[in-house]
Amino acid sequence: MTDKSSKGANLFVALTGMLPGLMLFLLVLVLWEVIIRTFNVSIFVLPAPSNIAVSLAANAGALATATLITAKEVLIGFAFAAVVGITLALLIVRFRLFGRALYPLIVLFQTVPKVALAPIFILWFGYDLAPKIVLIMVIAFFPITLDMLVGLQSVEQSFVSLMKSVGARENDIMLRVRIPHAMPHLMAGMKVAITFSVIGAIVGEFAGASAGLGYMIQFASTQLDTALVFAALVVVSLVGVVFYYVIEILERFLIPWAPKFDAVNRA
Amino acid sequence: MIERVMGRNENGSEGIRQVNAASEPAANRTLSGNPTENATTGRQAEKTGPAMITAQNIAISYPGVKNGPAVIQDINLSIRDGSIVSLIGPSGCGKSTLLKAIAGLVPPAKGRMDIAGVTPQEAAQRRLVGLVFQEANLLPWKTALDNAAFLLQVSDKSIPANEARERAAENLRLVGLGEALTKLPSQLSGGMRQRASIARALTLNPQILLMDEPFGALDAITREEMSYLILDIWERTGKTIVLVTHSIDEAVLLSHEVHVMGVKPGRIVCSITVPLAFPRNSQSFADPRFRETEILLRDRLIESHGRPRQAS
């Protein structure tokens, strides 16, 4: 393939790559619509895709406002989770005794169902942004810590020997080898963490909020406005997908040397 | 090329018979307590100087085990400046451990190690030693050039980046990667990656090159090319080279002297001087003395694989 044609060809490949997913999605929507109409399912129980679309359009303004609030919670919470997750991994690897002491506690903490902590965080931090950010942080830091740890530790022992053979200190090895080596792993951890962050934000709003998509879902379900519940769910999913792909694009820019992860196509 | 292959075939079958005939009494000799027979054939190596590496009664224990079983024991070695020496032996005989001790990465539990008049740790600080492992260990986010310059830059932060890169480029050209300076490791073949890792070691400008099964992961033809590369580097730079290998061919082709190691505990069973003259090349395979040395070496290697004696 020549350089000139490759750009257009890549786009073509990308679009045709999306086709199977798109077709299946449309097929499910059509089936859904047909089933609702043939069996006359009540809109209170399960709205048809067309009902959801109408609700989306009718509540566009309110949904947009709620989206901004939830997205802000997700972003700030995720940023905290990333800082905490990365810092913990660095400390565990750099200071082995500290790592030996801390790591089992982190694993223990991870087994606590954090969703159950939401009401407690509301009690401690009030109704606003703070309890959501704390909840997102405790839910999302773990995959980041874990993947970062794997990345930092998976440098070949012989490479460490090589560094030591020229008198490199542990800090040199950390900064110049371990951390860049861990970047692809970190990115994988962040992709998991961002989806956890969206869940954390919605749960946080369920536990107590006066705005946001989670709050809207809860409010709409008390009003039996099931179409709006689904409309808000669609928006929540979109927020998650957008954030996920932002990380994936960042990944391509930050670590172009890393082998591309392709979940579907095998070599 | 053709000549060499024919030469090897001619002697091949005969060689195997000799080994089989010799292996039985050889094994018996080992058991009757004469394991460190020094078998030397031919004349002393040329072009080499005084001792660069000396080991006296070196013993190394497993890390963290005080007074535990030794990985290697009673190692006495003298490696002359500018010579190529191979360590060969069964898995677990401590060849790599010995190499790491020379590099100052593993402290000996007993004995004295001396590298160009200083301790191995000091030698490492002074960049007297360059290491090459089986894995090329290139950083995937750096180009061949930056990889080759990397260790020098880490070990001496006062060297300007330009100078480090210039030296790296020079060595990459020496190993035949002059065209691939800006390539990432993922764009290089296995052999090219290993060449880059050799260039990285050479960029430190060490007096000693330590290579731990450097071609273990490569295919047969690439291995042979790499052997000629090592000979070429040695001809040009005169560095002392210590090579850990599993290949008898490689050991004979490259070395002035081959140390055969045995197991439990790891020790040097015998040392064989290779009587072939330098420069060596593909023609060396056709030399009858190549075959002779190879047979002798195989013989001693079979001995060294023998059942370990029970520790008393």
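Cβ atoms are placed via backbone N, Cα and C, with glycine included.
Features of the protein shown, as given by TrEMBL:
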type	residues	note
TRANSMEM	A:12-32	transmembrane segment
TRANSMEM	A:44-69	transmembrane segment
DOMAIN	A:67-251	domain 'ABC transmembrane type-1'
TRANSMEM	A:75-93	transmembrane segment
TRANSMEM	A:105-127	transmembrane segment
TRANSMEM	A:133-155	transmembrane segment
TRANSMEM	A:192-215	transmembrane segment
TRANSMEM	A:227-247	transmembrane segment
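Non-local neighbours of the transmembrane segment (A:44-69) in the same chain are 29, 32-33, 36-37, 211-213, 215-216, 224-228, 230-232, 234-235, 239; each lies 6+ residues outside the stretch with a CB under 8 Å from one of its CB atoms.
Same-chain residues lying 6+ beyond the ends of the transmembrane segment (A:192-215) with a Cβ under 8 Å from its Cβ atoms: 63, 65-67, 69-70, 73-74, 77-78, 81-82, 85, 114-115, 118-119, 121-122, 127, 131-132, 135-136, 139-141, 143-144, 147, 232, 235-236, 239-240, 243-244, 247. Remote same-chain partners of the transmembrane segment (A:12-32), defined as residues 6 or more beyond its termini with a Cβ less than 8 Å from a stretch Cβ, comprise 48-49.
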